[in-house]
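A.B. asks: For reference, the structure I am asking about is given below.
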């Protein structure tokens with residue numbers, strides 16, 4: 001679910017963003033959405049207020065953690081040893097790597113460990129989460145990846161989306177959105193998928209995309225080129241959701257992460273709207289005033305209520321053992337659409 005640089009370049013940099021430190025950097029495509037025209041009396045202040053950025057360090061830490069955990073997974077997997085002990089046919093890929101070599105491509109075409117290893121290290125699996133009460137898997141699965149290709153795609157997306165978001169809003173808020181969106185995606189995935197395991201940071205990444213969209217809405221009045229930015233962002237989101245209907249892609253994690261991030265964006269990424277006063281009406285030395293608009297407070301309250309309801313309802317359904325497919329028959333097509341080239345019967 002990679003998002004291009006251009007998608008992120010269109011968002012203005014800002015220092016005084018309302019809330020202190022979290023990540024909705026949606027540098028939208030098209031001409032960069034800059035603040036609306038300011039009076040000459042406030043131009044210098046505006047330049048200072050909108051130019052500085054936070055230093056991004058949390059996203060690089062997340063990337064390093066994901067890479068390190070993948071190496072640990074490969075070390076634990078030890079393909080040569082378990083192939084020999086179980087007398088399995090075939091051979092490990094890149095066997096010159098020793099115990100870090102990959103599973104045969106017929107077992108894992110993404111160049112990674114076995115599903116058994118992923119399950120042992122914390123992959124998401126309905127029976128273990130619900131029947132064995134291992135709720136911690138809702139969090140651990142977002143730090144594991146099925147293979148080098150899977151890891152590279154997600155980390156590249158995190159670089160493009162996350163770093164700029166953290167520069168715009170800081171590490172606290174990007175960390176909250178990333179983790180909670182990942183958990184939200186895991187919950188929805190567990191509600192609908194019972195016969196396979198799931199790993200990956202895609203739900204968390206979709207949460208960042210969702211927060212970018214809601215940040216655009218809640219800070220609508222301070223941007224020009226709004227429609228171009230909105231259409232570009234919606235296009236990127238739809239393309240990534242469409243990719244999710246391919247077999248063996250957990251689109252429920254994508255949707256769950258997106259919904260969670262979208263609601264969190266209204267809560268955490270609202271910016272105070274500067275009240276620029278015409279110079280002729282502003283006494284000398286009067287400080288510029290800024291405040292949140294009423295619609296931002298309304299969106300904040302509504303989103304907070306919906307977010308709490310979202311987590312309470314989905315968690316109650318999950319741990320009661322309910323199957324989401326019983327409540328939404330067509331939802332299975334969010335994960336896989338059967339075609340002449342593949343079947344979705346075993347998914």
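In case you wondered, yes, glycine gets a Cβ from its N, Cα and C as well.
Worth saying up front: this structure is predicted, and the values here are computed from it rather than measured.
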A.B. asks: With TrEMBL as the source, identify the stretch among 119-137, 252-270, 271-289 annotated transmembrane segment.
C.D. replies: 252-270
A.B. asks: TrEMBL lists region 'Disordered' for one of the ranges 1-33, 34-66; which is that range?
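C.D. replies: In TrEMBL, the region 'Disordered' feature sits at 1-33.
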A.B. asks: If you count every Cβ pair below 8 Å, which range out of 57-76, 227-246, 252-270, 297-319 shares the most with the transmembrane segment (199-220)?
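C.D. replies: Highest pair count goes to 252-270.
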A.B. asks: Kindly say whether the transmembrane segment (297-319) and the transmembrane segment (227-246) touch, using the definition of 3 or more Cβ pairs under 8 Å where each pair is 6 or more positions apart.
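C.D. replies: No, the transmembrane segment (297-319) does not contact the transmembrane segment (227-246).
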A.B. asks: Apart from its near flanks, which chain residues at least 6 from the ends of the transmembrane segment (57-76) lie with a Cβ under 8 angstroms of it?
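C.D. replies: Distal contacts: 97, 99-102, 112-113, 117-118, 120-121, 143-145, 148, 151, 154-155, 158-159, 162-163, 165-166, 171, 174-175, 178, 201.
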A.B. asks: Taking helix as H, G and I and strand as E and B in DSSP, count the residues of the domain 'Peptidase S54 rhomboid' (133-270) in helix, strand and coil.
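C.D. replies: The composition, in the requested order, is 107 helix, 1 strand, 30 coil.
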